[in-house]
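Student: Sharing a structure here in structure tokens format.
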Amino acid sequence: MLTEKVALVTGGSRGIGKAIALRMAQEGADVGIIYAGNEQAAAETLEEIRALGRKGAMAKADVGDYAQAQDAVKVIKEELGPIDILVNNAGITRDKLILRMSPEEFEQVVRVNLQGAFHMIRLLSPDFVKKRQGRIVNITSVSGLMGNPGQANYAAAKAGLIGLTKTVAKELAARNVTCNAIAPGFVETDMTRAMNEQTLEAALGSVPLKRMAKPEEIAALAAFLAGDEAAYITGAVIPIDGGLNM
Ligand code: NAP
């Protein structure tokens, strides 16, 4: 249970982030979400958090922009109080084979998926260190572990996020702050809905469990890592991929 905790979920307006926000609210946490621009989706998630009897807050920011991330954290802390749990879930893809990928497309994906997580950790870890308590959960991907054609930018960002996770875990362990990564395979969200149907079908063919994950399955693991029972887990990268990466 996450009673009396405050969680901040980036990309909490849709998909996996929304499922994590709602799961944490179900477990008793107040939840702030950061979204990039889909205000209606963010407002709906906020409604659902409040319908669960918890406090909620939302702030618009591009997490890849440090000043915007800083403003969003300020808004959420003003509404909900000090944050106990950070979930770095905001992410984008700009898939293209390396021969066609522009430097801008590479930079954009690394900026949101990797630098965004750094910004959030940089902004919240002083509070975690002061309280001698904090949980960081980073959403990486099997692409970061295995590589994936068409995803040089995304796989590099997600592999970088694993290095960031392990480093933060080592730096902050003495202050009772844990930092772990979840590496999903294919999950039923707008991100996979945007994929070419044939590519997706072929990809699912190599998943031993022969289906995609539901966002709620990722959310259950995120809530576990944020809870008391996971106090001795840090620096871990946990795949949740139907067996894809084995
Ligand atoms: P999604 O449905 O496309 O939702 C993306 C979320 O991130 C939205 O809430 C979006 O906000 C937010 N976002 C995007 N860019 C942002 C930015 N610059 N600053 C702040 N927020 C931003 O994605 P998803 O499938 O749920 O993916 C969530 C995470 O899981 C990502 O990190 C993704 O890489 C990872 N993942 C997904 C899969 C999969 O199969 N779906 C597999 C492995 C890993 P708006 O609603 O405002 O646009």
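Just so it is clear, glycine is given a Cβ too, placed from its N, Cα and C backbone atoms.
In TrEMBL, annotation is done automatically, which means it is predicted and not curated.
Dumping what TrEMBL says about this protein:
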ACT_SITE  Tyr154  active site, proton acceptor
BINDING   Gly11, Gly12, Ser13, Arg14, Asn89, Tyr154, Ala155, Ala156, Ala157, Lys158  NADP(+) binding site
DOMAIN    5-185  domain 'Ketoreductase'
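Describe the structural surroundings of these features, if you would.
Tutor: Listed in sequence order, Thr93, Arg94, Asp95, Val109, Asn113, Ser141, Ser143, Gly144, Asn148 are the same-chain residues six or more apart from Tyr154 (active site, proton acceptor) with CB atoms under 8 A from its CB.
DSSP assigns Gly11 (NADP(+) binding site) to coil in the three-state reduction, placing it in neither a helix nor a strand.
Restricting the average to the domain 'Ketoreductase' (5-185) gives a pLDDT of 98.
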Student: Going by DSSP, is Asn89 (NADP(+) binding site) part of a helix, a strand, or coil?
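Tutor: Asn89 (NADP(+) binding site) sits in coil per DSSP, no helix or strand.
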Student: So among the binding-site residues Ala155, Ala157, who's got the most Cβ atoms within 10 Å?
Tutor: Ala157
